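Contents: one structure, followed by commentary.
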Ligand code: ADP
């Protein structure tokens, strides 16, 4: 504000000085010009004021020029009276030319200001791009590190498994280590896919009214190995009555297990974790608190952003990709709920609290659960179609162990060719095949054989709702996402009941 006034004042000073200079020049020229061109030199003072002092300064210079010309040059002198029509015309021309000059200068000045602003914005944009490029590189390095973490023990275990084939106990321990690390890898990939799905607005919930206590129980069960490993003491404050919410059960288990797993991770060994679930003012309130490393005030908002971590240095103590809390926040919002964190600062523990709208749960009806007939897989034939030969061969080995007759094909035409010679009960079909993709293979099988006799199961890395819709349209009976859990696959096949085996 003060700066603005200073500038205005400077502008007026310019106008007065320029008009005075013009009047002095006009006085010097008076013997030559006499009464002619009374406003001539005052154009110069308007231009100089517009250039150096801005619009207001130029307007003042123009008015001062008019007064000076009327008073000092146009007869009768020493009076502001203008009697001659020729002088009125000169005054009019002076006013019009002066106004045009002022508008032109103002326009040029605006364009200049805009250009300067654009240049500043471009500079900021370049800086932001450079920063995000650097962040992307750092994040890729972090991702590589997080993926390598489970890969290293898998590689070592597989090598050791070959050496201690005869030592059953050790072999089993190694196998369990591989499975643990694999589930860690799957979790990283799932989190990345979830975040990307959410960012593209593609995340869908399968909502049903259910008791939130079930989600808490399932989450505790999931994180129990991590809690045991870190020897934490966990207290559960769960009410005896149901806490009904309308939600996606799987996703809410994910929310609670993310919070619990973070508490286990960011609390030093032997810490205390408390899970408190209650109903309050029409809301289901779940809090997970710990006496761990705590969170500084400045970081409290940031940690809910995707890829944000308080400590992302190479020397940090804890793994992770900074996706867990972003997913928690996004999933709570999709459930019309909120998540918040309270911490008294570093070293003073944290408390995460989620709030979801309470709903009335329907009274449970007595359901007659029909016993699903499960088929014996012994000698059942199955065709595995996958261009990844290792994936196809290992799956074939697994199903052969279950007593099935497994055949493999590495592309679509080979699969269709084999189908002409044999009639398998199941086809486990990859989608991303070279040349003819899995959708096309399924469509052709359905065109040739209809729905009779064969169950086609998609075995693919694509697991989004859109992918499932496409497989259904192409004639698949089921959709299984890789990496497949062998036990789940076998029970899926057992329950699938093909029409002919
Ligand atoms: P990640 O754990 O993979 O880094 P999250 O999104 O789950 O990613 O968490 C983001 C950050 O929030 C973590 O890096 C950590 O700094 C902080 N944080 C999360 N939970 C806790 C907690 N219970 N105590 C202290 N800090 C936490």
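Every residue, even glycine, has its Cβ placed from backbone N, Cα and C.
Here's what TrEMBL has on this protein:
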type	residues	note
TRANSMEM	12-29	transmembrane segment
TRANSMEM	41-74	transmembrane segment
TRANSMEM	86-105	transmembrane segment
DOMAIN	142-360	domain 'Histidine kinase'
DOMAIN	381-497	domain 'Response regulatory'
MOD_RES	430	4-aspartylphosphate
Distant-in-sequence neighbours of the transmembrane segment (12-29), which means Cβ under 8 A and at least six residues beyond its ends: 40-42, 44-45, 48-49, 52-53, 56-58, 60-61, 64-65, 68-69, 72-73
DSSP-assigned states of the domain 'Response regulatory' (381-497) in counts, ordered helix, strand, coil: 56 helix, 24 strand, 37 coil
Per-region confidence, the domain 'Histidine kinase' (142-360) (mean pLDDT, whole number): 89
